[in-house]
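Some features that TrEMBL has for this protein:
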BINDING   LYS88, GLU89, ASP118  UDP-alpha-D-glucose binding site
SIGNAL    1-20  signal peptide
Amino acid sequence: MVFVRLTIFVLFFKWRVSTALTVISDGTTTVRAMWTMSIAGELWFALMWVLDQLPKMQPVRRTVYVTALEEPRLPTMDVFVTTTDPEKEPPLVTVNTILSILAADYPPDKLTCYVSDDGGALLTREAVAHAACFARLWVPFCRKHGVEPRNPEAYFCPGVKARVVSRADYMGRSWPELARDRRRVRREYEELRLRIDALHAGDVRPQQWSRGTAENHAGVVEVLVGPPGSTPELGVSDLLDLSSVDVRVSAV
């Protein structure tokens, strides 16, 4: 197809240039200038198309080495979540972004999530702190049942019919417990949403958790979830059976 189009281009420009030369020889200065600019523009776009086709002449084919995906060989990864104004960037959206990162299918000891709040808003800090507590339930739940998507707002979809997972598509460990665990985790997530909404509506909104204003304040660093160890940890929970699930959560 590239060569066919190239042939059509050559024939087209042969006709175009011959026609233009005939018109220019008998036309005024304005006509000559317009035809010259028109042909120059068409030649430029033709050149750009030719350059765009060159990589297709010798495409690069890469090979995926499965051994590189083994857990001991995976690199450490830092993910930064930036925010500045809880009024323009709802804390619930930031919270769901953080929970999605923490629940990623990646070794928890090699993943770290950093939340950078340039505005230093106490509301954002408190919302992230609540999210860190909920993550200790949400992350093991995702691991146990192979939850997708791992954004709780998208997974539970309030107001939309519940997602139905067939047994053939189920990638978790305990199919009979899926419905029960889902109800319990959803109830905890609804409570998290209510707490964040209460924070947003309360007196905590205009304050700063560091001295100064949103535009000029001292830097504050806080660890909400410490870095986990490299050894899987089986957990115990009053809500879910996590006796065979790694409950480690990445650092925040």
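Using the three backbone atoms N, Cα and C, a Cβ is placed for every residue, glycine included.
In TrEMBL, annotation is done automatically, which means it is predicted and not curated.
Residues listed for UDP-alpha-D-glucose, LYS88, GLU89, ASP118, cover a largest CA to CA span of 13 Å. Those same-chain residues not listed among LYS88, GLU89, ASP118 yet with C-beta within 8 angstroms of the centroid of the UDP-alpha-D-glucose site C-beta atoms are THR83, THR84, ASP85, PRO86, GLU87, GLY119.
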